[in-house]
Amino acid sequence: MKLSSLWSNAFVINVAIALYAETAFLSAPKLKIDCRPYLDSNDKCTREYHPVCSTSGKTYCNKCTFCKALRLDTMSSSLLWIKITFILALVVPFYYGTTFAFSKEARRQPDCDKYRTFPNQCTREWNPVCGTNGFTYSNECVFCNAKIAAKEKIDYRHFGPC
């Protein structure tokens with residue numbers, strides 16, 4: 001045989017191996033295991049050794065232990081989502097209750113009539129109100145007192161700083 005034909009045969013074989021190596025050597029047939037017989041939570045698995053290899057690379061001693069582990073893994077991920085949902089259900093209302101307080105209150109204007117009877121007796125709380133004069137008042141009471149003193153020339157723009 002000529003040397004050139006040996007090299008060409010070797011080249012063809014190497015190309016074939018390179019093209020089909022993944023399917024020929026790496027991928028094993030993926031079997032779908034029916035876990036329905038093992039779904040009852042009271043059943044215990046036997047200790048017989050008929051190994052089942054999972055896609056995660058872990059080997060289980062038989063179908064029953066594989067299905068139990070799969071069910072527990074599915075349950076733990078579902079429990080994780082339940083925990084996340086529960087935490088979000090607790091945290092989100094507190095966060096948005098404080099964050100959107102101004103947008104909820106922006107729909108109603110301060111009732112300045114209740115401050116006419118006791119003028120200039122305001123608390124020092126910080127719940128800012130923006131007036132149409134561009135000034136930020138520390139709270140509704142201070143705003144209403146300024147509005148009454150200015151003979152209603154100042155009007156309410158929105159809750160929050162200007």
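Any Cβ shown, glycine's included, is placed from N, Cα and C.
Candidates considered were CYS67, CYS112, CYS144, CYS162; Swiss-Prot assigns the disulfide partner of CYS130 as CYS162. Take the candidates CYS112, CYS122; Swiss-Prot pairs CYS144 in a disulfide bond with CYS112. Separating the Cα atoms of CYS45 (disulfide bond) and CYS122 (disulfide bond) is a whole-number distance of 73 Å. Taking all protein chains in view, 20 other C-beta atoms sit within 10 angstroms of the C-beta of CYS64 (disulfide bond). Per Cα geometry, CYS144 is the residue among the disulfide-bonded residues CYS64, CYS67, CYS130, CYS144 nearest to CYS122 (disulfide bond).
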